[in-house]
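Residues annotated as active site, S-palmitoyl cysteine intermediate in Swiss-Prot: Cys155. The domain 'DHHC' annotation in Swiss-Prot covers 124-175 and rests on sequence analysis. The annotation S-palmitoyl cysteine is assigned in Swiss-Prot to Cys144 on the grounds of similarity to another entry. As annotated by Swiss-Prot, topological domain 'Cytoplasmic' applies to 1-45, 92-169, 234-316. Marked as topological domain 'Lumenal' by Swiss-Prot on the basis of a curator's inference: 67-70, 191-212. Sequence annotations record features per position, and here Swiss-Prot assigns transmembrane segment to 46-66, 71-91, 170-190, 213-233 based on sequence analysis.
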Amino acid sequence: MRSPVPRFRDVERQASGLQPPQCLPSCHERQSSMWFIKDACGIVCAIITWFLVFFAEFVVLFVMLIPSKNLTYSLVNGTLFNSLAFLALASHFRAMCTDPGAVPKGNATKEYIESLQLKPGQVVYKCPKCCSIKPDRAHHCSVCKRCIRKMDHHCPWVNNCVGENNQKYFVLFTMYICLISLHSLVMVVFHFLNCFEDDWTKCSTFSPPATVILLILLCFEGLLFLIFTSVMFGTQVHSICTDETGIEKLKREDPTWEKTQCWEGMKSAFGGPLSVTWFSPFTDLSCQKDDSSPVPMFPQGEIIEEDVIEIPLEPH
């Protein structure tokens with residue numbers, strides 16, 4: 001359903017705790033504390049994700065590479081696969097434990113709204129669940145129980161929302177999982193071909209039936225995750241390039257913001273111009289300094305009751 005009243009997009013760049021337009025996600029806000037969602041389903045899904053990666057590691061190393069007679073083949077593929085798997089798990093951890101862009105709770109006060117210096121006739125929205133002023137493009141997540149800036153969706157596999165501050169890590173996670181899935185499938189095919197040409201008893205330290213079962217399981221896992229993560233990766237890149245989140249597409253919201261170009265959106269999501277840091281889950285998003293006067297993140301005052309606040313027009 002389309003929004004009947006256009007939201008006020010300037011709140012996002014004027015409210016403290018919400019970055020100005022030229023500033024990427026706040027550095028001190030992201031690093032101040034560990035972010036973790038205590039959701040049973042999400043925790044189980046995250047554990048399953050790590051288990052499946054370690055299972056793939058086990059099959060690749062102990063079933064295919066270590067028993068191989070070709071040392072160069074084992075070293076090259078072992079180094080490549082383990083490096084990609086490590087980057088995938090690191091990206092998963094960052095996506096899971098990074099604040100996706102939560103709006104501070106309880107800032108829907110009269111004093112706070114006055115400090116924003118809004119223009120007459122402008123409209124701001126209060127989230128009745130968070131008691132906070134919702135910036136444009138922020139949506140409330142029922143699992144995280146917070147309003148998230150530029151929320152794309154809540155992903156149980158990373159036990160977190162994918163939002164403004166952690167979209168980079170989610171994109172990297174899907175990319176690296178896609179790559180190790182493809183790599184494992186290629187190695188399984190080569191291993192099967194070598195085993196058919198050679199003696200199965202010399203092909204692996206495991207028995208032939210156990211080897212076949214493990215390879216089939218890895219093949220099934222690799223194919224499943226290759227399809228899933230490649231679709232998710234493409235969806236996320238398309239979302240960044242079109243400057244429209246998944247939830248905005250789902251709700252068919254009319255854009256009240258000025259859309260950015262594809263390359264500018266990529267630079268914003270990944271923290272600057274194209275460089276090797278784009279592919280690293282260990283680098284934080286850079287933040288430019290804002291010269292505007294600061295506004296208190298947690299202003300004092302009573303929470304207003306209205307969910308839609310319109311700044312009154314000046315009397316003539």
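Each residue, glycine too, has its Cβ placed from N, Cα and C.
Within its own chain, Cys144 (S-palmitoyl cysteine) has Ile37, Pro100, Ala102, His154, Asn160, Cys161 as residues 6 or more apart in sequence whose C-beta sits under 8 angstroms from its own.
Remark: the residue listed as 'active site, S-palmitoyl cysteine intermediate' has Ala95, Cys161, Val162, Phe170 as non-local neighbours, by Cβ distance under 8 Å and separation of at least 6 in sequence.
For the topological domain 'Lumenal' (67-70), the number of residues in each DSSP class (helix H, G, I; strand E, B; coil) is 0 helix, 0 strand, 4 coil.
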